[in-house]
Amino acid sequence: RCGEKVSTPCLCCAEHCGFYLHKVCAGAPLELNHPFHLNHPLLLMQNAPYSSAGDYICTFCRKGGNDFVYHCSCELDFHIKCALFTFNIAENNLKELEHVALQHPLVFTENGDEELEDVAKCFVCWEPLAKYTHFSPDCGFNLHEKCAKLPFKLNHVCHRKLPLVLQFNSQRLPCKICGETNREGIGFVYGCSPCKFVVHIECASQSSLQVIIEDKSHPHPFTLFLRRLPFICDACGVEGNYAAYICCTCNIIVHKECNSLPCIIISKWHDHRIYHKYFLPRDFRNSDCDICHDKVNPELGCYCCSHCNITFHARCVTEDKYSYSIPSREDEDEISNESSITVLEWNDAKEATKIKHFKHMHNLMLSASVGGYENSCDGCMLPISDPFYYCSQCDFFLHKACAELLRMKRVWHHTYCKQPHILISDKVFQCEMCFHKSNAFAYECSECQSRTCLRCVIALTPGARTCLKHEHPLRFYREYKGKYNACSCFSWRAWRAFCCKDCNFVLHLGCFSLPITTQHKCDEHLLSLTDHDDNNYSESHYCDICEESRDPNRWFYHCAICNTSVHVNCVLGKYTFLKLGSIFEETDHPHPLTIVKKKYYYPDCDKCGKPCEDLALECSKSECKYIVHWNCAAPRKLQCLIGWPM
């Protein structure tokens with residue numbers, strides 16, 4: 001029934017067919033009226049009703065199972081042992097713990113909470129087990145001694161109408177005191193089902209609520225104010241109820257968790273330190289949060305950067321504990337601000353006209369001409385556009401914005417590593433954001449070596465972005481559901497997108513980085529990215545490369561001179577951002593290989609024997625005729641099987 005190993009005493013089939021039952025599982029009732037879930041009975045079922053395999057995730061311990069299950073129509077599922085163990089807690093029947101020795105809490109260091117993050121937790125309150133005196137029985141249900149003796153009902157000052165009952169937080173409601181939901185499992189809470197009022201066990205104990213709190217982030221103590229009155233927190237700007245802390249000296253009121261908001265943080269969302277303010281100076285009066293893009297109320301608390309006039313909601317910039325840190329010293333710098341360039345000459349307008357970039361051997365000059373370029377930037381691999389730097393001794397080009405990027409940078413979307421990213425080049429990689437393969441510039445994490453291309457780093461830097469195909473600025477949103485304008489795809493689940501606040505224009509990250517112009521052998525002119533088809537004649541809606549039909553609602557490349565129209569995927573292919581002519585050495589061939597794309601003559605691949613029509617690797621030695629498909633020689637992680645979706 002439960003799938004775990006049996007030991008005596010147990011029950012077995014009289015015919016010795018290998019069927020065994022624990023005594024507890026054999027006696028499990030078919031219907032369990034659980035005190036912690038009074039709405040419906042739990043029914044014992046051989047399989048969960050979700051799939052033919054009967055797989056389910058236990059609502060209590062969050063571990064998988066495919067054996068017998070206690071199921072409720074509320075979409076609650078429990079292992080037999082989880083349902084019976086919690087039932088025994090409710091009935092104060094803890095025979096399993098009678099012979100289990102109590103273990104004492106560990107002595108904590110300054111970082112004790114961090115050290116206990118990944119160790120065993122109490123199955124009732126989900127706090128680290130070693131924080132308090134606890135039981136740790138062989139059955140695996142670790143339990144604090146104090147949690148084993150919790151009262152079933154509780155009268156609470158914040159909910160005077162009815163007593164609160166110890167129960168599963170089956171609806172995952174947030175705690176009315178601290179505002180947080182359980183991060184693991186449904187957990188236990190004290191709640192009132194008719195009022196949808198729940199409080200965490202630790203928050204329900206009024207002794208756990210400090211009446212006076214002193215914290216180094218604020219010069220005066222905060223005093224607890226327990227009343228069922230709504231308030232707006234002066235530290236984060238979010239509404240609160242029930243438990244507030246007030247500073248009578250400053251005349252401010254805050255949530256319990258906001259009285260210790262750090263004054264200064266180093267965030268992955270910004271390259272400078274940002275400071276917490278209870279109200280904004282005049283310079284910031286009309287600011288949007290650079291994360292959620294909603295207005296920041298200048299009369300309420302938030303974080304801001306005095307160098308850049310940038311603001312963040314306090315909740316937005318601190319919601320992910322991996323995305324920020326608190327400087328340990330006053331003089332601790334954010335990151336090295338070392339530039340990628342050394343300026344050799346300036347013009348009268350204080351523009352750098354001659355520079356030395358640390359990733360190129362020759363000096364680079366600022367271009368004086370305007371428009372009409374057919375080259376790509378060696379940093380981001382997008383078509384070169386003004387202003388840009390060029391090398392007079394070789395074919396090397398950099399957008400001015402790409403050239404001026406710092407050698408080290410924090411990247412907000414790479415959450416779990418704390419070290420900044422380092423600018424690299426000439427390594428073939430897959431971008432962790434857009435998944436395109438490239439060997440141009442990238443920012444590499446010094447901890448896990450994952451890489452992000454310059455297109456994504458620049459596009460995802462907080463702030464408004466311009467798109468040449470749209471009149472309004474676009475802003476990046478981490479969660480969007482709906483249709484995208486360029487590819488006409490539809491996102492059914494929350495996904496990343498660039499959205500316009502003024503209209504319904506939306507692009508996903510891949511379409512945002514489409515080259516504005518490109519070349520192909522099908523046309524002697526540059527092809528331009530086009531967002532609409534003026535020709536309503538249906539026979540014109542065909543691709544001039546593959547000769548298949550073309551959706552007029554999707555963006556395409558077009559030559560107005562020759563009236564050539566082509567699919568994005570047909571002209572760009574799978575390896576848009578790999579520099580042709582560069583050297584690739586990660587193969588078993590004795591000589592360096594050059595990345596090539598044959599246009600007219602397609603020699604046979606030396607590995608699979610098929611013509612090399614797409615990207616290929618060709619031996620750089622002229623006397624060696626070795627050539628292979630990219631997908632035949634490159635590591636699997638650098639192979640691309642899917643192209644652009646249009």
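Just so it is clear, glycine is given a Cβ too, placed from its N, Cα and C backbone atoms.
Listed in TrEMBL for this protein:
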DOMAIN    2-62  domain 'Zinc finger PHD-type'
DOMAIN    174-237  domain 'Zinc finger PHD-type'
DOMAIN    288-395  domain 'Zinc finger PHD-type'
DOMAIN    542-606  domain 'Zinc finger PHD-type'
Maximum Cβ pairs under 8 Å to the domain 'Zinc finger PHD-type' (2-62) - stretch from the list 174-237, 288-395, 542-606: 174-237
Residue counts (helix, strand, coil, in that order) that DSSP gives for the domain 'Zinc finger PHD-type' (542-606): 5 helix, 18 strand, 42 coil
The domain 'Zinc finger PHD-type' (2-62) - residue tally per DSSP class, helix then strand then coil: 4 helix, 14 strand, 43 coil
Within the domain 'Zinc finger PHD-type' (288-395), residues counted as helix, strand or coil by DSSP: 8 helix, 35 strand, 65 coil
Secondary structure composition of the domain 'Zinc finger PHD-type' (174-237) [DSSP: H/G/I, E/B, coil]: 7 helix, 18 strand, 39 coil
